[in-house]
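Participant: Taken from TrEMBL, the feature domain 'Integral membrane bound transporter' covers 400-522. For 50-81, 93-112, 143-160, 166-186, 397-422, 442-467, 479-498, the entry in TrEMBL reads transmembrane segment.
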Amino acid sequence: MTTGFRPRRNDSLHAAFLRLMPASLTHWLGARAISMAPEQIALREGLRAALAVGIMMALAMALGMPLMAWSAFAAFWTCLVDPGGPLHVRLRTLLAFGLIGTVIAAVMSMAAGYGPMMAAPCLGAIVFACGVGRLRGAITTQVGALAAIVAVVAVCYPMPPHGALAIAGLFALGSGWALAICIVAWPVDADAPLRQACAAIFREEGRMARQLMTPRPGFPDGTPNAPRDTGAYRREIRMRIELARGRIETLSPYTASDQTRALLLSTLETADRIFVVLIAFEHAVLSQPPSPEQRRVIRRFMSVMERTARMMIQPLPDVRKLEQQVAWLRASSGDKNALFGSGALICAEALGNFIATLQDTPRRAPVPMKNRPPPSASKWHGWQVVMRHSARLSVSVLIAYGITLEFALPYAYWAMMAVIVVMQPQATATLPRTIERVIGSIAGGMAAAIMGVIFPVWLILATIFPLAAATIAFRAVNYTLLVLFMTQLFVLVTDLVSPAMGWDVGLARSLDNIIGSLVGFAGCLLLWPERRSPPLAAQVADAFIANIRYAMMATTFPITDHGRIEQARRMAGTASTRAEIRYQQNRLEGLRRSPRLEMTGQILLSLRHIAGAASVEWMERSCVPSDTCPPPSPRWDMIRQRMAWSDIVATAPDIAPTLEEMAAMLNDPAIVPENART
């Protein structure tokens, strides 16, 4: 039976890495703004990059041309800039990067040949122009960042005009070679990362269901009254859904990826509906231990989620097996009026609709250019932030350049590269990136130094192949792993083409990366700092308002008003996730024992209970759809009166509640029942 998804060979490396990566670790890292996505291993892309880089380095060694390392670097950067997606988008991106990189390599190498007084202004202008590329989207951002890296490497290769043209030619050779491999010789399924992201959501939902079966101390059977790890699953699933939604919605609906975009958005809607059921199940399990019948439903649910996740990444998804398991889940629903029965039925219907979409989505031709709507002006939204970031990126790179000149650091471009990749428009995003960069650089530099000392030249050359493969394969998994493998790759390539060997290069790489990372972080804090993000209390207030709005709408709006209720639920989940991440970051800053922070944790936990209770009531009402509005609950009227909240849908309260006011309302038995409070 054919489906809309294109084939991809199932990779045992994904399964092995997923088994080695416990969910608790990914949740802990995610709460601290450190991404860990083991499902995004791209082995085929890694092998493709290894072939491109390895052959260029083998030619450099065979011809005795150390400068040909530029071709290897160009091939690596070209593989790294490949955005995936439709073929014409990839081809345009790779060609643009090859052309821009060739010009920048020639200009910067030639300018450096005339001395730092000529090189510094050119470097600052080019880095600024590359940073402005953020205005045109994610693909241009990646192209601009790598083009800026080309500039900082080229400035460390001062050449006369003919030498600069030679470097540009070597860059064009490596970039063209990598483009030929990526587009012609070894094409891969460019949409696989998005499908893997969707499969990871179903897998995480299955883990959340398994967590409900785990006995712990607290209840007679061992289930706790308020386990904090359940919030970690909610946070992780909501983050994954919204991140995947953002990536999928960037696919143009006017290209050949139209069908893939529609199918993946349908996948997310299915996962979102199932997530509501999971929240309701969780709330019920926290109130009392599950019965044997309920455990059977949960086990069936876990099996269906695992099958769905596997189907998303298999070469030819066997929809019939999933249909059979969905039928078993529907048969296990039992009493349709009971919570677990109605939840099993809702999941079965959602998956049934998803299967129908897989089978019936027609392929549509791309819309002709003349019929496409004009580009939206929204791409220029936030231009002030981009211009400020570009300016301080340019200044920070020049500061790092000056430091390396002053102290005569042998590999100055590593410090400037660290500035470019570490600096983000927001300082809060720069700190985790700085920490990951420093850790990866130190570990990778030490490992490469050891290999440079004990390995013969032929073995170092052979090691470049797996290192290039690992760098590209793990680039979307975790930034620390990317830096770890990339550091070893660059150090060993430098070992092969320069007289410095072993410890010198590895230690220099680590030192330069630390300097560049610190300069980048200081630049975010000191150079035109952005407005601080809302304090924790304000984010908790936003989460409080969003969750109360969702609870009111889920319990008092007609069930047929599905769209607005779903939107309110998503906003509540996103606001709670944002507040919980900030809460975890504050705990890391040494405020773990703060009374106000403890109060914040209790408020966030109570909000999860309120959202769970609202999901339970929404599910129970959805079994009998009706246009009538239930009578308003006195507890919601009491909250509206206390907060002077006139319209819960269109507006927010005039004055946000304080932590003390939120805690008082959440601990009021007239507002929150006893079993929903902490």
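Every residue gets a Cβ built from N, Cα and C, even glycine.
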Participant: So, taking each listed stretch (93-112, 143-160, 166-186, 479-498) in turn and counting its Cβ pairs to the transmembrane segment (50-81) that are under 8 angstroms, which one gives the highest count?
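Facilitator: Ranking 93-112, 143-160, 166-186, 479-498 by Cβ pairs under 8 Å to the transmembrane segment (50-81) puts 166-186 first.
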Participant: Sort out for me which stretch, of 93-112, 143-160, 397-422, 479-498, has the most Cβ pairs below 8 angstroms to the transmembrane segment (442-467).
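Facilitator: Highest pair count goes to 479-498.
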Participant: Would you mind listing the long-range same-chain contacts of the transmembrane segment (479-498), meaning Cβ under 8 Å and 6+ residues beyond its ends?
Facilitator: 34-35, 53, 57, 60-61, 66-69, 72-73, 76, 411, 414, 433, 436-437, 439-441, 443-445, 447-449, 451-452, 457, 460-461, 463-464, 467-468, 470-471, 505-506, 509-510, 513
Participant: Within the domain 'Integral membrane bound transporter' (400-522), count helix residues (DSSP H, G, I), strand residues (E, B) and coil residues, in that order.
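Facilitator: Looking at the domain 'Integral membrane bound transporter' (400-522) with DSSP, the answer is 102 helix, 0 strand, 21 coil.
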Participant: Take the C-beta pairs under 8 A between the transmembrane segment (166-186) and each of 93-112, 143-160, 397-422. Which stretch has the highest count?
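Facilitator: Per the Cβ under 8 Å count, 93-112.
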Participant: Go through the chain and flag residues at least 6 beyond the ends of the transmembrane segment (143-160) whose CB is under 8 A from any CB in it; none is fine as an answer.
Facilitator: 73, 77, 80-81, 93, 96-97, 100-101, 104-105, 107-113, 115, 119, 123, 126-127, 129-134, 166-167, 171, 393, 397, 401, 411-413, 416-417, 420-421
